[in-house]
Amino acid sequence: MATQPGIACDIVVFGGTGDLALRKLLPALYYLHREGHLHADTRILALARRNESNQGYRHWVRRQVSQYLAPGDFSDTVWSGFAERLDYLSLDVSQRVEFPRLARQLGQQPGRVRVFYLATLPNLFAATARHLASVGLADEQARIVLEKPLGESLPTAARINDEIGEYFSESRVFRIDHYLGKEAVQNLLALRFGNALFEPLWRNAHIEHVQISVLETVGVENRGDYYDRAGAMRDMVQNHLLQLLCLVAMEAPVHFEPEAVRNEKLKILEALRPITGMDVQDVTVRGQYAAGKRAGEELPAYYFEKSVDHDSNTETFVALKVEIDNWRWAGVPFYLRTGKRLAQRKSEIIIQFKSVPHRLFAQGHETPTENRLVIRLQPDESIRLSLMAKSPGRGMTLQPVDLDLNFAKAFKKRRWDAYERLLLDVIQGDATLFMRRDEIEAAWRWIDPILTGWQDCYRSPKPYASGSWGPDAANSLVERLGHQWFETDA
Ligand code: NAP
């Protein structure tokens, strides 16, 4: 059932032949169309430089998109309705002279909502905004969606924001972080602010530490060129991990509306204790994957990957101990960890509660887990709360048991992909789950000194075997305070 297919709009996808468009955006739009969330008069226009007719593009996209839908979800009937909305225009966004053609194609329709989705490299963002404005397409009804990474440092991000801001007011800029569109991430908000149970415990008096892990088994694949310039810190920590940290740590907003939510996230980014000078060596770990083996498969070292420099110093793994200097979180370490070519693919937030002040009962477990909340974002979305319970039989020996909320089992409905939800939010003009300019810049302000510290005194990332859990130094980082990474089962 459609929720609100009320707004007729034009969705213009720049980079319409790229990986993101084919793997994520067009499948998401297909599902929104199939389930009646797009107004009958909504049109989709894909753009790229490649010379292609409408028919040729639709034919090619049909083949591509059908691979990325869940098995059994592709239907010829649905596709033919979807294809009628879909057009292609060959256009080089760096050439202003090409934009009058785009304006003609979209036509004069005052008041019509237009979503310009920039699924291209960020160095094209400013020119695209400028050229849209030059042909009158950056009007009050136009929204611009920017993909990450937005810049590679505070000055570069600020420059992009300034350039975009000349033509699009902040309320019409949607900086996307697709992690915020994930069901389990929104469930974290539901859990925290829709239940009275956790709030009294959600603070330093009761929480021992927090872990946020975004682990991948894949290497850089075809993205070597981009990745070797970015590295894990810019690619993952600056956006996804810091956004997750904000949602765990922020205060309850007064309303669930964009400015209120984003104000609270910003306060957390501003309260992050700076990591500078010698602290960079103390509380950060960078690694790079070396050769290794997984399931009998030989995996090459990072520096042998396609388009990667053989002397590359780029990190493919980062672990950090982060502190938040405010009343709620003072003294609670937040451990962040992300990397490629690791033993397991999973994204998880773990809240480890403090131990009971005095143990009455024996523990049937070597390291007592006691109360731990595990919010799993992928591969499957779930929330698990570990409690201590009596082991059956004689005596009072305790062991951990889980209260397990698996969303796929609890809700039989199809799981929405993050891009479906976020695209619908853009159409409806709801920026709650998008990043505001000051958030992005506060994140860079905190990240930049770490990158500088690495450059100044800490040049080589530590090697770790492909298929492992990362460099040993990441374990030492948490063991210093008597903690350990939770390598929970799949
Ligand atoms: P990609 O596969 O390289 O696609 C780039 C797209 O931009 C292609 O359609 C390309 O088509 C088009 N393009 C390049 N130069 C152009 C120009 N001058 N004028 C018009 N079109 C141009 O890149 P991608 O992986 O889709 O990523 C796109 C953006 O999304 C990047 O900023 C990336 O960091 C971000 N992102 C991607 C993913 C992902 O999963 N792929 C995830 C998160 C964020 P032509 O060459 O035919 O022009």
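Quick reminder: no glycine exception, Cβ is built from N, Cα and C everywhere.
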Report the candidate from K321, K340, K346, K354 that shares the substrate site with H178, K182, E216, D235, as recorded in TrEMBL.
-> K340
Inter-residue Cα distance where the pair is V93 (NADP(+) binding site) and D235 (substrate binding site), in Å = 24
Of D92, V93, H178, K340, which binding-site residues come within 10 Å of H240 (active site, proton acceptor), going by C-alpha to C-alpha distance?
-> H178
Nearest to D92 (NADP(+) binding site) by C-alpha distance, among the binding-site residues H178, K182, E216, K340, is H178
Drop a 10 Å sphere on every Cβ of the recorded positions R49, H178, K182, E216, H240 and tell me which sphere holds the fewest other Cβ atoms.
-> R49
Among V93, K148, H178, E216, D235, K340, the binding-site residues whose C-beta sits under 6 Å from ligand 1 = V93, K148
